[in-house]
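Q: Here's the feature list from Swiss-Prot:
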- D90, S91, G92, G93, F94, D144, Q188, G215: substrate binding site (BINDING)
- D90: active site, proton acceptor (ACT_SITE)
- 246-252: region 'RNA binding' (REGION)
- D265: active site, nucleophile (ACT_SITE)
- 270-274: region 'RNA binding' (REGION)
- C303, C305, C308, H334: Zn(2+) binding site (BINDING)
Amino acid sequence: MLKFTLHKKDGLARRGTLELNHGKIETPVFMPVGTYGSVKAMNPQNLHDIKAQIILGNTYHLWLRPGLEVVEQFGGLHGFIGWDKPILTDSGGFQVFSLSDMRKLTEEGCTFKSPINGDKLFLSPEISMKIQTVLNSDIAMQLDECTPGETTREQARKSLQMSLRWAERSKKAFEDLKNPNALFGIVQGAMYEDLREESLRGLEEFDFPGLAVGGLSVGEPKPEMYRMLHAVGPMLPERKPHYLMGVGTPEDLVYGVAHGIDMFDCVMPTRNARNGWLFTRFGDLKIKNAKHKPDKRPIDESCTCYACQNFSRAYLHHLHRAGEILGAQLNTIHNLHFYQVIMAEMRDAVEQGKFADWQAQFHENRARGVD
């Protein structure tokens, strides 16, 4: 089940509500990534505390470990991981296609070796839909071929045409399995605007309830990603939610919303947190730097997260230097809280018709830098 209601537009920026089987989501929204069924360094209560509305699980990794037979015993991923809000799962395609020297691609699907034990495995649109049905994610993704940014036009066209055929197979399998959740299609086409439009027009035939923009943030220069988003954003159908996969920095989120994107996911806030890289309203802070050793201030004095309300930069510096697990947890709480705050502020700005003003102030603040 999926119902998307568009409440307000301000330029291309949108404010909406997405109703799914496990709850309602206010958009635009950022989805923390829980690759193996857990958002690294966070438990479900932490996620509730930072007001995360939906998380992402990784089909490929959960298929390999713990395996479908385990998750199925819990009625799906929600019961297995103890999370009662919506979950989106990717198709597994990105991870499989990343195994370039370990996989063989055909029209039927992709054969590859398990990086865990070397077993020969096969992933097709039908198998991906079966896995995601067992996971019982609120939003499943079609299986597609993710092409790198430097793909030639000929390669990109051939790839997107196969992804369209896989979209048709994904939808048929999803419906045959009587999956009660929602399936999104994925717009491909590499860095070619006309191919992106061709992909989008091809997907219209299948009437997916939501569409994702894939194949960005896969190694191309940032200006190229922005150029493509600038071109694709206005093409996306107004009545459906728009999801930008695997992106990105705070600035990327703001650019995406400004170009009509409703949903985002990225490992950046969690991965950077574990490496001591913290995002703040006034730029980024590297907590491992020696200058923070005696600093009594919080990460960001304007932040209301648990880490900023209770701990100093000095303590967080110490935890990071000592390799303490608590350091990774507090850093992650802060970064994900900051991302959720950005999204909430953008929702409010669109509602008030002041998104451009908010955007200008956001960039001014971020350029100022952290004291």
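Cβ from N, Cα, C; glycine included.
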Q: Cα-Cα separation of C303 (Zn(2+) binding site) and G93 (substrate binding site), in Å?
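A: Their Cα atoms are separated by 37 Å.
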Q: Other than its own, how many Cβ atoms are within 10 Å of the Cβ belonging to D265 (active site, nucleophile)?
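A: I count 23 other Cβ atoms within 10 Å of it.
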Q: Any same-chain residues 6+ apart from C305 (Zn(2+) binding site) with CB under 8 Å of its CB? Would you list them in sequence order, or say none?
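A: In sequence order, the residues whose Cβ lies under 8 Å from that of C305 (Zn(2+) binding site) (at least 6 apart) are I50, I333, H334, H337, F338.
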Q: Looking only at DSSP and grouping its letters into three states, which state does the residue listed as 'active site, nucleophile' belong to?
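A: In the DSSP reduction, the residue listed as 'active site, nucleophile' maps to strand.
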Q: For the region 'RNA binding' (246-252), what are the DSSP-based totals of helix, strand and coil residues?
A: 3 helix, 1 strand, 3 coil
Q: I want the residues beyond D90, S91, G92, G93, F94, D144, Q188, G215 whose C-beta is within 8 angstroms of the mean position of the substrate site's C-beta atoms, in chain order.
A: F97, M141, Q142, L143, E145, C146, I186, G214, M245
Q: Cβ within 8 Å of the Zn(2+) site centroid (C303, C305, C308, H334 excluded): which residues?
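A: My list of surrounding residues reads P298, I299, D300, T304, Y306, A307, Q309, I333, H337, F338.
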Q: Counting each residue once, how many in the region 'RNA binding' (270-274) are helix, strand and coil under DSSP?
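A: Per-class counts: 5 helix, 0 strand, 0 coil.
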